[in-house]
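Colleague: Residues or ranges marked as carbamoyl phosphate binding site by Swiss-Prot: 53, 54, 103, 131, 134, 260, 261. Among the features that Swiss-Prot reports, L-aspartate binding site is placed at 82, 164, 223, with the record citing sequence analysis.
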């Protein structure tokens with residue numbers, strides 16, 4: 001694995017290898033808290049968009065591996081404001097670092113970065129396109145909290161149009177046998193047809209507007225992403241259309257996930273019920289990103 005740009009680029013066996021390595025990283029975290037696999041190495045985090053969990057978990061992962069971090073979170077302090085191209089930025093920074101993690105508002109920015117980098121590039125989210133490291137930590141959460149990925153029944157609820165985490169996860173799940181997916185969203189926020197076409201025939205799909213979480217293993221809630229709407233009035237038409245409460249969950253044997261941040265789509269009272277795993281899901285970002293960084297670096301020096 002040279003870069004991690006899209007879930008389309010990696011197969012089932014590579015996914016399972018990353019999940020196995022993530023389990024080893026979690027064990028290290030629990031036993032010692034750190035290791036020296038990437039001692040003396042540098043990760044560059046280039047965040048052209050705001051981030052809390054992804055950026056901080058990448059930085060934590062690199063430091064837990066014994067490495068160091070450079071980067072930026074505010075492009076107003078960079079040469080981007082002078083008109084420097086993304087390609088030139090990557091060519092320069094890949095000379096300073098051993099790995100690069102980039103988040104960018106433009107679809108395809110991570111791919112372009114990988115084409116201009118001397119070191120492995122990790123897509124930390126490119127517009128509404130892909131978010132592969134989130135997908136891998138989602139799969140790890142499912143494996144750890146549900147116990148299986150094959151024959152999984154999962155309901156995605158909310159913004160399925162702009163939600164890059166949903167796009168990536170659906171594509172990854174299509175590699176596993178017996179998966180059934182419910183896509184629950186308003187018409188304005190349906191899953192893009194190209195994603196549907198990509199996974200059609202590989203998994204059982206059903207689309208609906210009304211919430212139906214009976215007979216599922218996982219409920220995957222998503223935020224309605226105001227920042228992706230061209231017309232803010234369209235956002236307010238769908239804002240708050242789905243809100244998960246304790247009453248919805250009841251005694252169901254289900255795992256509730258959310259890529260976070262949350263706005264109003266999950267009541268805060270849900271946080272304290274045993275089915276809620278979204279904060280555990282967020283924690284898993286550290287061992288999973290440790291595994292990704294370690295494996296990418298090892299492959300780059302072979």
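A Cβ is built for glycine as well, from the same backbone N, Cα and C atoms used for every other residue.
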Colleague: For a quick check of packing: other C-beta atoms within 10 Å of the C-beta of residue 164 (L-aspartate binding site), how many?
Modeller: 23
Colleague: Counting other Cβ atoms within 10 Å of each Cβ, which of the binding-site residues 103, 131 scores lowest?
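Modeller: Ranked by other Cβ atoms within 10 Å, the binding-site residues 103, 131 bottom out at 103.
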Colleague: Checking your reading of the structure: which of the binding-site residues 53, 54, 103, 131, 260, 261 lie inside a 10 Å Cα sphere centred on residue 164 (L-aspartate binding site)?
Modeller: 131
Colleague: Need the DSSP three-state call for residue 103 (carbamoyl phosphate binding site) to compare against my parser.
Modeller: strand
Colleague: I need the CA-to-CA distance for residue 82 (L-aspartate binding site) versus residue 103 (carbamoyl phosphate binding site), whole Å please.
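Modeller: Between the Cα atoms of residue 82 (L-aspartate binding site) and residue 103 (carbamoyl phosphate binding site), the distance comes to 20 Å.
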Colleague: Between residue 103 (carbamoyl phosphate binding site) and residue 223 (L-aspartate binding site), what C-alpha distance do you get in Å?
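Modeller: Distance between the two Cα atoms comes out at 18 Å.
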